[in-house]
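Feature annotation from TrEMBL assigns active site, acyl-ester intermediate to 310. Here TrEMBL flags 374 as active site. Look at TrEMBL and you will find 480 tagged as substrate binding site. Residues or ranges marked as domain 'RlpA-like protein double-psi beta-barrel' in TrEMBL: 188-255. Feature annotation from TrEMBL assigns domain 'Peptidase S11 D-alanyl-D-alanine carboxypeptidase A N-terminal' to 278-510.
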């Protein structure tokens, strides 16, 4: 899991360009405007120092400011205007308001240590979470603010501290504000499970039928969207009983975020550094491909030839399956299999299944362990058990991918430990498409864990899949992780989305977490683009 920080909600919010402290929990009384202003003509209003809280409405009430006492040391003017043209369209947000620009004429009389509240009107009929974002011209990107909104009045508010900004309200395309809720019995408290909000989020959940609400803390993951797409949240039974009878089973709810943890420098999945019109990918190479058409929906350096690391093992598995192995056959592990790894890396740094020379296990156990845990000694065991000479096995790996159309790919060994095992993002997407047609490879790379017992010494083993994305909402068909000093972190993931399949490839990420984050963005981007067709 990535590092996260939970922001203190009360009593105020300060925004500086690189740091955020915010509140979501305090209700303010705002003047409701008749309609969203549509004029591009600027409006100006004088603001004088005040000893109490003051509210200023501008642009026909489409924008409201609430200033705390002593925000200004002298009178200044506030100018605001609608910007009629689109600046940058963030790829994972949908704008539901005008773009509003404001400016304090005399910035010297404004204290940036005393934040103010800005409220914007929006128009949206969707049931998605709303976020105010400000446009960062230095990054040419929209940056999210922690936002409180009133869906009935169609207003969104956030706390801010810059004397000039361009602001707009967006719908977060990934997070629902309305959906079904069921219940479970666990800690018997005001807790909930969510697949959309991160752990430690505090949410207000309102029963749509009777208006009763409960504030809960997210402490678990679920419900699984692939099995229960209609369910937005599940409540601990104690919390559920506060707003409905458990006999109701499933109820319609509205969800409002009160406290949101920032995880991996993201707020509700939106990069706090800013969002542009396409995902920001820092890995050496990456792509997301529509499997049906082979269209690259997004790519970066798709034809760059780079080390492949353990993504190699998908092809090792495919060649092994061509030998028609007997899954139930009990075979002996040999220490010599591990020794083949040592010519490429320090034996203490190599991912391996802890086995003794002569340990016995089934072919299925070896196969699943190799793909799920990326164990290198067992990859060599599979090559040995194929009945082919090692050189023949490797040649078949190369022949197979060339037949598939991966012309810039080459292997010199079956594990991925050698940096001379190379491919490109485009080639590997083709390889993944073909290899994952095999149900055994698809199953082995999409299971979260696998258990077995060795046959000679009766040692129980549990193998955990290295692909962290299996714990997300994507319906994953298959995938593979990889790491090598020369390759950095690599990842392939294939998902089912409606009637389509998407294949994502990330090569050369600087950190493991980065590979998962960028893959998530690629897959989400692919989904959004397919939805727009």
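Cβ coordinates come from backbone N, Cα and C, glycine included.
Sequence features, as recorded in TrEMBL, placed on the structure.
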residue: 310; record: active site, acyl-ester intermediate; Cβ within 10 Å: 27
residue: 374; record: active site; Cβ within 10 Å: 26
residue: 480; record: substrate binding site; Cβ within 10 Å: 32
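Taking the C-alpha positions, the distance from the residue listed as 'active site, acyl-ester intermediate' to residue 374 (active site) comes to 7 Å.
Per-residue confidence over the domain 'RlpA-like protein double-psi beta-barrel' (188-255) averages out at a pLDDT of 95. Residue 480 (substrate binding site) sits 8 Å from residue 374 (active site), taking the Cα positions as reference. In the three-state DSSP reading, residue 310 (active site, acyl-ester intermediate) counts as helix.
Residue 480 (substrate binding site) falls within a strand when secondary structure is assigned with DSSP. According to DSSP, the domain 'RlpA-like protein double-psi beta-barrel' (188-255) comprises 7 helix, 28 strand, 33 coil.
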